[in-house]
C-alpha cells in the first residue's frame, strides 16, 4: 500500500483543503492518529503511526478508497502540508492514475444493486481481467460482474475496458461470499471461479464452502451454472464434495481442456505441465426466497459526556462469539470530546470492519455495512455490550 515515512509532523489544524483533497478532522489514541479524508466523492482515513525515528503515514486498510489514485493524491497533499524531513516514500501519483469516477467500478452494494438488470454473469477473483473481458466481448447483451478483493485489479481492468471499448462490465471490491448474500434469488446466469487460491494448509480460508454453495444455488437461475477451473485436484475434489450434498445436481467434469482464453496463471501452470481441472455444476432445484433486510436502528442509543468517559476508561479489546456471528472490539480513539470505535463483526466467513462515531448518539463514520442478518445481530449485540461491558 502507498506510504511514506517522515521524521516530523507539523501541528495539524483542520479542516484543511487543497486540490480537491479535504482533511476534515482527526481522532487518535496512544499509537495511531486517523485523518478523515475526502477526495471527490470518496471518504477514507489516512493513518499516522509512530515508528522508530519518525512516523509512517499510509491509508487505513479498512477504509481505503476504490481508486488508488485518490489515496496517492491525499498522501501527496498531506506530505506537502504537514510533514518535514521525509525519510522515504513508496508512492507516486502518476498522470494516468485512475482518479476520475469510472462507470465500471461501483463503490458499494447499494450502487451495485441499482445497476443490475438483464442477464448477469459473475466472475470471482478476476485478477488481470483476461477472462472477464473475453466474456464481456463474447456476450455483449450480458452484464459481466467482477468481484475482487484487491483494489489494483479493479483499476487495471477498468482501464483495459475503457481502452478496448467494453461497456458491459461492473467491478466491485468485496468478498465474494458477502456479494452473493445481497443478490436477489435466481438473478444470475453463470458464476465463474477460475484458479482460486487453493489454501491447501488452511482450507477454512477457501471461498468454497457449504454456505457459499447454497448461495450459488439461490442466486443462479433455473439451469444456471457454476464453473470452477483450477490446477489443484484437492480443490477440485473438495468443491465436488460440497455440491454433492444437493439432492440431484448435474455435473460436467473435464481435464486439460483448452479454452478460447487463457489467464496468466493458466499459462504458468501449463508451462510447468500441471493438470487443469474443470467442474461445471447446475440443476440445484433449490427452493429460495429473498431475504428481508432489517435496519441497524442506532437511533435508540444515546450518550452523555459521562457515558463517553466511562466507555473510554473501561474499553477492552474483547471478542464475543455467538452461534452465527461474532463481534470484536478492536480499538478506540479520541476525537475532541467524542470517541471513535473500531470493530470487526458479522458472519465468521464474511466478516466486516467499520468505525463507529460516538457523540450524543452513535453512527457509522463511513457508509453502513450491508444489512445481512449476521451484521444486524452483531450491531444489536454491540449496543448491549456498550451498556453492560463498559458500564454506562
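Glycine residues also receive a Cβ, built from the backbone N, Cα and C atoms like all the rest.
Site annotation (Swiss-Prot, ligand S-adenosyl-L-methionine) includes 123, 175; from 89, 138, 148, the additional listed residue is 148.
Mapped onto three states, the DSSP output places residue 148 (S-adenosyl-L-methionine binding site) in strand.
Residue 201 (substrate binding site): 6 other CB atoms within 10 A of its CB, across all protein chains. Shown are the binding-site residues 148, 231; the one with the most C-beta atoms within 10 angstroms of its own C-beta is 148.
When the binding-site residues 123, 148, 175 are screened for a C-alpha within 10 angstroms of the C-alpha of residue 201 (substrate binding site), no residue qualifies.
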